[in-house]
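Read the structure below first, then the notes.
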Amino acid sequence: MGSLDATSTSLAEDLQDLQLDRPAKGLKSVEELEKLTVDEHLSDIERSVYLLSSGQEVQRISVIHNLPDLLRDTESHDECMRRVVPKVREVLHLAQTEMQVAASSAFLQILQKNLVPVQNYSQTFLQTILNSVDSKDPDVASAWLDTLLDVIDLLPKEVIKKEILGSAIAKGQLAQSVQSRLACCRILGKISTKFEPFVIKKEILPVVQSLCQDVDYEVRGCMCRQLDCVARGMGLEATKSAILPELVELTNDEECHVRIAGLETVVNILSLLDAETCGTTIIPLVCKICQQAVQAEDATLPVVATQLGKLCHGISDNLTDEQRQWFIDFYKKLCHVGLEKNKASSRVTTPLIDKDRGSKESDLTDIFELEDKLVECRKNSAYNFPAMVLFCGAKQFKPELHLTFTHLCKDPHFLVRKTISSGFHEVCKLLGNNANLIQSDLVALLKDESIEVLRGVISTIPAILDCYMSSGSNHTVSESKSGPLSDIIPAFLASENAIFTSHNWRLQEELMRNLSCLSRCYSSESLYNKVIPILRQKLVKARALPVKVAAAHSLLKLTRKVKKREQREEIYHGLIHDFCHARKCYLRNVFIDICRIVIELYSKKFFKETFYEYLLELHTDSVPNIRLSLCSILPDLKRLLILPTDRGLLQQLDACVRKLLVSEKDRDVSDGIQSAVEELDKIHIPMQSMTRRNFFEQDLDDQKKEEEEKLLLDNEEKELKKEEEAAEKKKGDKRNLVSAKKGSENGSSSRIPGPRKGSRAGLSGSNSTTKKFLYPSHITPEDDNKPVAPLTKGAGTSNNKLVKSKSINCISQIPRRDSKEVSKTKIVPPGKAPASTTSTTNKPSKTTRGSGIPAPGSAGTRRASVPTISTSRRGSLGGQLGTGSYYSLLLLLAWLARQLTFSALFPSFAVVFSFCISAGTHTAKFIKNLVFSDFSYEKLSIYQIMQ
């Protein structure tokens, strides 16, 4: 019970120690304050010497950190070298680890910045570095050794040979400690590239060979890793005679650590060796190492899997076909290692038979370690898969590596699948046109449940889709249902569900940002219907702000690719409604981020027309954070303006700033608007006349964006025009088809359709039935909702008969009006209205927007000097003129328009045209086509038309 109380008490004390905001237990005593107090009248040099002599540890460390700055000052340089540097070297003999590490960093900076001549540096600082390398503290010795290796790169070879080479050789003697011999290995490897080959052979090579045969395996391994540098300093011939034998022996060492170092050195030395040496020595050596690693299944196996890609690439030119096939088969074996079920089951069940508990635990530990090694081997093999594709060749991928790749994508361990997914884009690039072979594997990775696997493929999906778009036909998903992207993109979009169920907001942000790459793969309609709804949903519902910003960026980027203007405007209005006018303040704050993205992606003109005024409305927002965020974007708004075109927008901006300055009560917002005002004052608004000259280069990107937006509108108009022309052509073809059928039934070759069957009206001097007048093929009624009804027996206009002239032979088949029927027609004199109650003569004229043409269904009032024909509303034309007389009058006007000037004909034309407009829009369209079409009116004589 007492122990329990003590434990709870200590736990409570520990929790109290974790309280960062707890008050201080006590202040510094007077004595402590006096020790830390320094006379402020002292110079920098005097203060440094004082602190190094009698200051606290933290004060001494501060002086050492400031030592390069003291040496940089030319006035105090000599005095610093004379007084401060000796004091520093004296203090370091008994200094703690932190001060030693600070001094090693300061000494290196002095040489890097050339603050001291090389000769002075070698006499002072270099001696301290060489002495400190032998420190008993391993951390201090390691810090000074790293400094020495960096210093060797900066020193001339004369200083290195004089000051460092002898010390390094002395450290490599067998009588020295293991730490000294390890330091000797690294120093010899570093200085070998500084000397001539004969110097290396004479002074360095004997020590190197001795260290390769050292009794300590760590020394042998460390020296083995430095053989690459020694070989490059000696040259090819000396390497073949002196270094290769040592390397071959080290690769057969009894210690796994040394064999791993030997394999890594073999890989690094390949570029130095010739083809003969590779064929006779290296290739057999590598094959032996690989076989031993698979048989032993020790720590060398993951290293072999890691280095196999570089190894195969280095010896590729020297391999025979059989050797090449051997390495491919060996790689496939590495990719499947540890997946044999029988072998795995035996490993698991064997330790359970042992009755000794301690042996069971040790065996289980060995099993887990072995499984980790095998998993690491498959993971490293997956990492090297692009290199093996390059080694094998794209043409041999399907028979050799395709099945292995599929197994790696379906490996039971997520680390293997994660590695292969991260390199998937590299495999696609290497396969080129054969990338469709691994399409199903990509879909499987996109449907993986592991977030880590999805991270690998999602981060590289733009490069993968580019490979598929460039390898095959450049069709989008909607255009080619059977294309490679038809399965990939739906799986890519479906991965959004798994990613957003996790709490990895960085992966969610990456997914939202990479969705913008679908603009190359999807058509405009598919983007609008499938991708943009996902982005709009996540823009509202995503929790992390970076995810919202990424979704907004992709949404606005994809919206530029939407072809229909209505769809684009719907998206922009949705952003304004859902964010600028949202009830939740964090959504209104997102609208400011959206505006920043619009400024980045769109032209200045577009932003000013669409979002500018809505953004300024937020200066009256009730939440201070919204107003504070608005202050940060105000300078960007001023940079968009150009005078005098945007004078009104500038006035709105000034009014917004003025109101915030005057009425703002929140302290943070007041500070924010003050900072914004200071930046606004520095911004110069260009004049429009100066823009073309002085700001053309700066606005080149903006002009490009504006041209893209105009091109999008132009393309939309062209497509609409094509659709209308296609619809009109289809309607005309249908009408011609109906006319052709009627003509074939009547046996007539005339293009003018014949009368309906059963009509009693006949042509004079002809046994055929009367032919009814229809619109010519090149004239289309404007009002499709109320077409002209055909004349049928028993209708109100059945007595309006059209007859052909008997006395004059003419080419035209347009029938003339019967003279008897014309006499029955009554024309109302000017100024007298008919008895119809639907007359609209005295009503004001109704005009369409942007034109002076009266709207359909209303007659305009003309000047008194122009005679007018009072008519009833559209549809009551039969009460004023017969159909035949009406069309004859139109034909007469058409003929006169061809013979006379328009000014001479204007009074009569105005009367008839006003009459036609009151009758209906299709009539106005009819007379316009008669006057200005290519119809052959010259073939009609005035006598024919008058009759």
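Glycine too: its Cβ is placed from the backbone N, Cα and C atoms.
The repeat 'HEAT' (204-241): residue composition by secondary structure is 32 helix, 0 strand, 6 coil, according to DSSP. The annotation repeat 'HEAT' is assigned in TrEMBL to 204-241 (among others).
The average per-residue pLDDT of the prediction over the repeat 'HEAT' (243-281) is 90, rounded to a whole number. Taken from TrEMBL, the feature repeat 'HEAT' covers 243-281 (among others).
Residues annotated as compositional bias 'Basic and acidic residues' in TrEMBL: 710-736 (among others).
The region 'Disordered' annotation in TrEMBL covers 710-876.
Marked as compositional bias 'Polar residues' by TrEMBL: 795-812.
TrEMBL lists 815-824 (among others) with the feature compositional bias 'Basic and acidic residues'.
TrEMBL lists 833-848 with the feature compositional bias 'Low complexity'.
Under the heading transmembrane segment, TrEMBL lists 904-924.
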Beyond the flanks of the repeat 'HEAT' (243-281) by 6 or more, those residues with Cβ under 8 Å of it: 208-209, 212, 217-218, 220-222, 224-225, 227-228, 230-232, 234, 236, 289, 298-300, 303-304, 307, 310-311, 314-315, 317-318
Tally of residues which DSSP labels helix, strand or coil - the repeat 'HEAT' (243-281): 33 helix, 0 strand, 6 coil
Summary of DSSP states over the compositional bias 'Basic and acidic residues' (710-736), given as helix, strand and coil counts: 27 helix, 0 strand, 0 coil
